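Annotated features, as they stand in TrEMBL:
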ACT_SITE  His45  active site, tele-phosphohistidine intermediate
ACT_SITE  Glu123  active site, proton donor/acceptor
BINDING   44-51, 57-58, Arg96, 123-126, Lys134, 150-151, 218-219  substrate binding site
COMPBIAS  163-176  compositional bias 'Basic and acidic residues'
REGION    154-177  region 'Disordered'
SITE      His217  site 'Transition state stabilizer'
Amino acid sequence: MFSAARSLTSFACRTGINHARVAPSVRSLAAFQTADKHTLVLVRHGESTWNLENKFTGWVDVPLSPKGHEEVVEAGKLIKEAGIVPDCAFTSLQQRAIRTLWHILEQTGLMWIPETKAWQLNERHYGALQGLDKQQTVDKHGKDQVLVWRRSYDIPPPTVDPSSEHHPSNDPRYADQEFPTDWTESLKTTLERVTPYFETNIAPQLKDGKTVIIAAHGNSLRALVKHLDNIGEDVIAELNIPTGTPLVYELDDDMKPIPQEGSFAPLNGRYLGDQDAIRARIEGVKNQTK
Ligand SMILES: O=C(O)[C@@H](CO)OP(=O)(O)O
């Protein structure tokens, strides 16, 4: 199997200033009242060029579309308006998530905070489907089969050929990892790399009083919220995460979400922004394979 050695550790995060522990004179009363809460902001990247073209993306490193850039600039403004000040940031090795994080940090005036990039936060690898048109794949294999590949919990898409440019062993950014020749990922196997990464590298920062932002992907975040909100396998199949929309969690000391007003069941986090527009974005993700 593969090793987890590639992740840059969260050492950098530990060197960041802890906003939760700054002098009382600069802290608001509200901050004191919520001192036992740990704030975690999740953001799926903005619309990518392949979201726009409706292609299976996975680990293909496509950029944000013009609309995607706009979405995440707006996400940064929303985070700033909400008064949320991340102390450290995590993202994947994929430019659509990295660029999303950078836009948000720029908008919030926090480009200086420590950021950690880890392949474990990458999108779910889509196996042999990467690069294919989603609607053409429905036309060829049927809607039900494609839905199984997209949203079933533990049935992965067909494996990618080891000689393909889409196999991670042919991508220099994964040079110090080992991946099986028959590589593909289901949501289950994605969760099996996202969750240990969260527990080992991110949860300690939260427990240390840091506010953390994670800019990642539709399925790596579905895996993470399944874990945080303890969502069942059948329910997670129905859950879609919109692009470029901050999802704010307040966690207790055991990293269990504290229910918030305005959260979208089955999530206990709340999305920032126009709630109707967010619903429309969620429907848009769902309807990529009608
Ligand atoms: O193509 C992908 O990698 C993902 C996210 O865009 O798509 P889906 O919504 O089908 O999981």
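Here the Cβ of each residue, glycine as well, is placed from N, Cα and C on the backbone.
Sequence features annotated in TrEMBL and their locations in the structure.
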{"residue": "Arg44", "record": "substrate binding site", "CB count, 10 Å": "31"}
{"residue": "His45", "record": "active site, tele-phosphohistidine intermediate", "CB count, 10 Å": "32"}
{"residue": "Glu47", "record": "substrate binding site", "CB count, 10 Å": "23"}
{"residue": "Trp50", "record": "substrate binding site", "CB count, 10 Å": "20"}
{"residue": "Gly58", "record": "substrate binding site", "CB count, 10 Å": "23"}
{"residue": "Glu123", "record": "active site, proton donor/acceptor", "CB count, 10 Å": "26"}
{"residue": "Arg124", "record": "substrate binding site", "CB count, 10 Å": "27"}
{"residue": "Lys134", "record": "substrate binding site", "CB count, 10 Å": "20"}
{"residue": "His217", "record": "site 'Transition state stabilizer'", "CB count, 10 Å": "28"}
{"residue": "Gly218", "record": "substrate binding site", "CB count, 10 Å": "20"}
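For the recorded site, the residue listed as 'active site, proton donor/acceptor', the DSSP three-state label reads coil. Looking at Gly58 (substrate binding site) and His217 (site 'Transition state stabilizer'), their Cα atoms lie 9 Å from each other. The residues of the compositional bias 'Basic and acidic residues' (163-176), classed with DSSP into helix (H, G, I), strand (E, B) and coil, number 6 helix, 0 strand, 8 coil. Here His217 (site 'Transition state stabilizer') is positioned 8 angstrom away from Arg124 (substrate binding site), judged by their C-alpha atoms. Checked against ligand 1, the recorded positions Arg44, His45, Glu47 give no residue with a Cβ less than 6 Å away from one of its atoms.
When the Cα of the residue listed as 'active site, proton donor/acceptor' is compared against those of the recorded positions Arg44, Glu47, His217, the shortest separation belongs to His217. Reported as a whole number, the C-alpha separation between Trp50 (substrate binding site) and His217 (site 'Transition state stabilizer') equals 13 Å. Restricting the recorded positions Arg44, His45, Lys134 to those with a CA within 10 Å of the CA of His217 (site 'Transition state stabilizer') leaves Arg44, His45, listed by sequence position.
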